[in-house]
């Protein structure tokens, strides 16, 4: 059983009640009555028991003492925990002290003092203090505090409600504070904080985060050793809607020529303050309809003076355009440093310092550092390059290199970002003339001190082109959209390699594909290339091309890393196209449902193009291929074939010469040979020429070569069988402004000479644009307007000019 005896003069009330949210698994027995709540008033003496052995799981206790300093004397001095002999429950001691606003109260805390915490935060030992100021009928929450901090005193205007929360097993036997009477402070409160050695504290405005009272004033007093330096940082604040006055903070710094120094809450707050100082927060008259909220959470950091704090570094950005340089702590902005971490401060003047400092182009800065370890600091810079008029832009070549003003700072460069903006129908070209670029792939990783991340972005789509580093085979990258290039460093080696940067950029006219790479592999090197957006896959309907340069004395080996594209199309088809850049080269085409080509040799420059469809489900198009170069091997069979071919051509030439001499002696008339089996129809639209061939007879061939007439002699000269008459294949290429060449005449085994008067067989009645041959009547040559009459009847079987063979004779 427990016995509680309260004296009437103490004005103490004890209340035992169930914990919120706990069922009635335990009750209180007092005066043979079972109850769930017990209240013992001043002057009462009561004995009670619990119906369970662990009452601390079910009940809490409040001990409230009312003190009236207006009508009677105040019990100044240390505050005791009274009464004694209470049951071991989670308990809250409450001291409600009423005082006049003309006489302020002061709460003094014994060491280790107090530390303010945010609402909802708990103390490590679960012992917490809560201070509320009472002015007339208004109550303002000054804050919640844990033990072991820097807050040594709190001065209040008017009354105070002080609460001490103790867990059921706390050994604490004293309150840890005393009450004193002071003169009116003419402001809401004054909080004194004593800082010893290097430390960091966090404080909040009253009623945080609900809002500072309207038109109120409060002050924080910071006691700092004279040999230390203090800096103030505002981490979270908001402003109310003022009708009159202006919300502000004021600093009183001993030795300052302009006390008080006034700042807006949005300003950078003073740093590197020598010695003690005061900070005051002033509210305003708020709009009654929309008052808003004034609140502030800030940090004060105290540290030793830095040896190099007087060393300044010149950062001249006066000649730069569209450029920002941010010096920050490691991990910014994703990581927020702990309040207790040692500070690394960047100062743009002796009193304007912060953990993050941003410098903009067009100005000159002299910066210094308050930091023991500069290796914890980083630099992130960003530069914008845009084009409005292509006529002016496309003549410029922009260097994408880190300026010396950044590399000369004693801070490691983390990232340099170029944002390249181009208007419609203007594209961007990136080149690396001397170093060239290597794509970072699993089979060929970058091991340099820096790399480039290239991202192509439009409002509808973002394409991660890939990560590249210097020392590869990619000479050029062309992209259709706006580009972001991020140079990221690894380790300290970039300082030595920064002088060899070789990335250039220019604006070029519109290109066809989303992205085009120009690749020039090194001899005997194996180059791996992969589609952008790896490993997530190409976006739907995107086309990517690679142009691979093959030296004339080498051959390229092209292979793919897998057998299929590995996707199923919902809309459209996905294609792989491979084609050499040479006349008459065949194009290799594969769809997404077909096997990819096997490794093959490429003897000329060639293209690799990949076009995506809209894949079904979650399948994505990711493709990788490789290219190697090797010297061309001389084939002995080819050499023998060339020598044999040369011998055949020489035999034909000798035969033709002999035949010509023999013909001149015989003076036989010219003979026209016509093959009715040859298809002489030319593809193309009817009426392609402005003047029909039927009228100008440009399609009539006056003579043919004797080699075609006497081709049977070839059989006698080399013993080979003459080929049968070939059939002309219709022209299936693009039809230009000129007609295609006439079909070739094939050799026959036996040719019978026609008589001079013999009429040719009738032509196929298919089109008026056919090729015919003129026949000489006895004794004369018919003039058809396409040839020039030859003299003295010496009409040898000679070819027309090359332009007449090609159909150029009008």
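Just so you know, glycine gets a Cβ as well, placed from its N, Cα and C.
No curator has checked TrEMBL annotations; they are predicted automatically.
What you see is a predicted model, and the numbers here were worked out from it, not measured in a lab.
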Completion exercise
Of the ranges 564-587, 588-611, 612-635, 636-659, the one TrEMBL annotates as transmembrane segment is 636-659
Exercise for the section: Count the residues of the domain 'CDCP1 third and sixth CUB' (513-626) that DSSP assigns to helix (H, G, I), to strand (E, B) and to coil, and report the three numbers in that order. Expected result: 0 helix, 51 strand, 63 coil
Completion exercise
Here the stretch out of 78-181, 187-290, 413-499 with the most C-beta pairs under 8 Å to the domain 'CDCP1 third and sixth CUB' (513-626) is 413-499
Completion exercise
Secondary structure split (DSSP) over the domain 'CDCP1 fourth CUB' (314-402) reads 7 helix, 41 strand, 41 coil
